[in-house]
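Have a look at the structure below, then the notes.
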Amino acid sequence: MAEQQIKVAVLGGGSFGTALASIAADNGAHVRQWMRDETLVAQINQEHRNGRYLPHYAMNPVVHASTDLQSVLDDAELVLIAIPSKAFRSVVQAAKPWLKPSQILVSTTKGIEQDSFFLMSQVLEQETGFIHIGVIAGPNLASEIADKQLTATVIASADALTRTRVQQALGCRYFRVYASNDRHGVELGGALKNIYAIAAGMAAALGMGENTRSMLMTRALAEMSRFAVAQGANPMTFLGLAGVGDLIVTCSSSLSRNYRVGHAMGEGRSLEEAVSALGQVAEGVNTVKLVCAKAQEMGVYMPLAEGLYRVLFDGVPAQDMARTLMMGEQSSDVEFILPREAVQQAHLENRGWHE
Ligand SMILES: NC(=O)C1=CN([C@@H]2O[C@H](COP(=O)(O)OP(=O)(O)OC[C@H]3O[C@@H](n4cnc5c(N)ncnc54)[C@H](O)[C@@H]3O)[C@@H](O)[C@H]2O)C=CC1
Ligand SMILES: O=C(CO)COP(=O)(O)O
């Protein structure tokens, strides 16, 4: 429980920002939530409900919504940023005049910036130069959090104050906050799993079974960790909530928007139709493009991501791609989920795995 009434600002009026604002308020914080839509602001302040993104859930009435960034940020100690990756930098730039080095800035966004390949915490670092920067990721379907289902997340930061303050502000009877100092790994886990959630939704719609989903998820974990380790992340992070945990939930639930995009395509819709029917962000569509290009550049083997890319953007039928992947050359090596050299190194060096 919060030791004192912490002042929390949430940037973003979507489902995750709304769920987090309510948790912080349930936990005793003073919460302001910024969004662009005046109608939604009025609805949240009068009816305590976000009718556009979480219509069936009551919000904590303490959450005060506003379209005025300055008033939301002015005295905030903790700023949670739940803005899709495409708009993240522009919102941070708009917020910059009212951000202070003493504030704790936390991204909750599971995506990658288009041109820079920056994760959102890197955007925060670049734009502000502050030190209290962190990310939240884990198996955190917004509507289940809004429903107060028992949930756990990870706050990742190299800065101990950031980890502690987020745990104090958000940790409560239905939301448990673990800590990690592998910010890059936790943030990559959140972004990468969206790719495989699209594939899992597609597989389900095509009538593929539980064996298939399990194979997909397990080999996805191998791919994700291979890529992340090549990027400097701790492989052990991928065995935690922000790795396999988030992969499980998004590859298994139709509450995941990425899963839903894949499912709609498996039912015969085009990518454009699937995305526009969703009306919310599905980060994986952009992430798969960026990750495939980066994997090629770095020489990282990612057959599932590349297969999904070809289905989404080159019009290869998903069934054909599944056949190609199944018939790929079989290695006689022992099956490894985490790159073995990285595991040995992590073990020897105990590279900061605190979850
Ligand atoms: N919804 C979920 O279950 C979870 C979402 N996330 C991540 O949180 C991030 C945000 O997701 P959601 O809240 O779910 O998205 P959403 O699609 O529900 O809402 C996005 C919000 O961002 C706003 N927005 C978009 N462009 C903007 C701009 N230029 N300026 C200001 N506001 C803008 C929209 O108006 C909307 O309020 C995503 O990266 C997602 O991966 C993470 C964990 C769980
Ligand atoms: O990240 C999420 C749950 O942890 C939400 O996933 P979607 O963005 O696919 O809905």
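These residue numbers are counts, starting from 1, taken along the chain as shown.
Backbone N, Cα and C define each Cβ position, glycine as well.
Summarising the annotation, TrEMBL assigns domain 'Glycerol-3-phosphate dehydrogenase NAD-dependent N-terminal' to 7-159.
Neighbours of PHE16 (NAD(+) binding site), defined as other CB atoms within 10 A of its CB across all chains, total 27. Secondary structure at PHE16 (NAD(+) binding site), taken from DSSP and collapsed to helix, strand or coil, is helix. Here TrEMBL flags GLY12, GLY13, GLY14, SER15, PHE16, GLY17, ALA142, ARG257 as NAD(+) binding site.
Taken from TrEMBL, the feature NADPH binding site covers SER15, PHE16, ARG36, TYR53, LYS110, ALA142, ARG257, VAL281, GLU283.
When Cβ atoms from all protein chains are considered, those within 10 Å of LYS193 (sn-glycerol 3-phosphate binding site) total 33, not counting its own. According to DSSP, LYS193 (sn-glycerol 3-phosphate binding site) is assigned to a helical segment. The sn-glycerol 3-phosphate binding site feature in TrEMBL is assigned to LYS110, GLY138, LYS193, ASP246, SER256, ARG257, ASN258.
Taken residue by residue with DSSP, ASN258 (sn-glycerol 3-phosphate binding site) is part of a helix. According to TrEMBL, the substrate binding site annotation covers LYS110, ARG257, ASN258.
According to TrEMBL, the feature domain 'Glycerol-3-phosphate dehydrogenase NAD-dependent C-terminal' maps to 182-321. Here the domain 'Glycerol-3-phosphate dehydrogenase NAD-dependent C-terminal' (182-321) has a mean pLDDT of 96 out of 100.
Under the heading active site, proton acceptor, TrEMBL lists LYS193.
GLY138 (sn-glycerol 3-phosphate binding site) has SER15 as its nearest neighbour among the binding-site residues GLY12, GLY14, SER15, going by CA to CA distance. The full span of the recorded NAD(+) binding residues, GLY12, GLY13, GLY14, SER15, PHE16, GLY17, ALA142, ARG257, taken as their largest Cα to Cα distance, is 17 Å. For the binding-site residues GLY12, GLY13, LYS110, ALA142, a Cα to Cα distance of within 10 angstroms from ASN258 (sn-glycerol 3-phosphate binding site) holds for none. For the binding-site residues ARG36, LYS110, GLU283, a Cα-Cα cutoff of 10 angstroms around GLY12 (NAD(+) binding site) retains ARG36.
If you check the binding-site residues ARG36, LYS110, LYS193, ASP246, SER256, GLU283 against GLY13 (NAD(+) binding site), the ones with a Cα inside 10 Å of its Cα are ARG36. The binding-site residues near ligand 1, defined by a Cβ under 6 Å from one of its atoms, are LYS110, ALA142, chosen from LYS110, GLY138, ALA142, SER256, ARG257.
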